Amino acid sequence: MLGASHAAVLAMHIPDNFISPSTSALFWAVMIPVWALCLRSVIRHSTAENMAYLGAGAAFSFLIMMFNVPTPGGTTVHGVGGALIALLLGPQYATVAISVALLLQALLFGDGGLLTLGANCFNMAFVLPFCAYGIFMLLRKVLRAKWKDRVAEFVSAYVGIVLAAFCVAIELGVQPLLFRTPDGQVLYFPFTFNVTIPAMVIPHLVAAGVVEGLVAVMVIEFVRRTSPEMIAWEASSANTAESASSQQSGSSRGGSGSSGVLDGSNALDSSGSASGPKVREYAWIALGVAAILSPVGLLAAGDAWGEWGAEGFAQATGLHYVPHYIAHGFSWNAMLPDYSMRGLPSAVGYILCAIIGVAVLIIVFRLLALAVDGREPEIVAVSSSASVSASTISSAAAHAESASDPNHNSSRSGT
């Protein structure tokens, strides 16, 4: 087991070979339909203009994961931004944004595994935002205090990232129970739940949860003061009230009373706000500042447990051997490993990697915006056709009713 000097925090990004291929395949099987549903909702219910907000969310998540926060014991943790994106835009948007950011981190910077991408996305891009959003909506109904929204934002973000960390602990802790050689040596991650749960959960309770909660509260408060209609749950509440009012007055409106989960009824549907461009400008400025300040994350002493390779495994864990597949398993040579550039000072390389990451994410979501652009004319045409068809059917029904009524003395003109 881990000695006192090795009781380090487990990495939220699970590297390749730390869990078995069958475990990885299970999470890919879970996430593929989740990605499909979320991406379909995002493309269907967004406009090309405000896809920029989603790109900013992905870039923010990418950057906040570069800011390492020191914890007791000389290790580090980081926020994810999943709760913030979920509460601002909707959890399905958070799933798409964080998944793309995690894919970029694994491919370009070697942060997290490629085979384990499904598991990492399950923890950070699914469990975190959806749990945070659900907890927030529940707390808003239960709490009665004046600051209930702020309290709910902090608590939901705090609990969301702790739950994600707990999932990582379970996924890693089950490996030595299931996968061993005939002589008893573990093949993948070597420590069970009595190590993984406290090693993951405690640092996230102490540090990462606080960071996630404070970031969510501060950013949402800024958006609330400048452009409140952009907040998903406030837009959903307004839609629900409008739907109830319409029903009382005899008009029928479909789908506007939902909570904004997977049906697309969220803040991004409101693209006509004059304050939207101002918020978008502030968002890009904030991202630029965060990229420049990203080397602050290098000041935190220590590493997250699991951020080292096979060559440092035995020394870091205190084991007398390296598990077989960690030593000889799948290996991906990232172009810019550990957010560094050969021949450049670490701080300069870190900033350049942050800028490259943000630029790539902007391009990716620009391509998604083009997909939305291609979708919009089709929807307009279908809507117009449906409107004309409905008008024609209504007119035909009116003529039929008039012709079949013997007491009807007046004739209607065709529509």
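Including glycine, each Cβ sits where the backbone N, Cα and C put it.
Automated prediction, rather than curation, is the source of TrEMBL annotations.
Here's what TrEMBL has on this protein:
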type	residues	note
DOMAIN	284-371	domain 'PDGLE'
TRANSMEM	25-43	transmembrane segment
TRANSMEM	50-67	transmembrane segment
TRANSMEM	122-139	transmembrane segment
TRANSMEM	151-175	transmembrane segment
TRANSMEM	195-220	transmembrane segment
TRANSMEM	282-301	transmembrane segment
TRANSMEM	347-369	transmembrane segment
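With a cut-off of 8 Å between Cβ atoms, the residues of this chain six or more beyond the transmembrane segment (151-175) that come close are 10, 12, 14, 18-20, 23, 27, 79-80, 82-84, 86-87, 119, 122-124, 127-129, 131-133, 135-136, 139-140, 143, 145, 186-193, 195-197, 199-201, 203-205, 208-210, 212-217, 220. The stretch from 50-67, 122-139, 195-220 that makes the most Cβ contacts under 8 Å with the transmembrane segment (347-369) is 50-67. Beyond the ends of the transmembrane segment (122-139), by six or more residues, the same chain brings 12, 14, 27, 30-31, 34, 80, 82-83, 85-87, 90-91, 94-95, 97-99, 102, 148, 151-153, 155-157, 159-161, 163-165, 167-168, 171, 233, 259, 261 to within a C-beta distance below 8 angstroms of the stretch.
When averaged over the domain 'PDGLE' (284-371), pLDDT in the model lands at 79.
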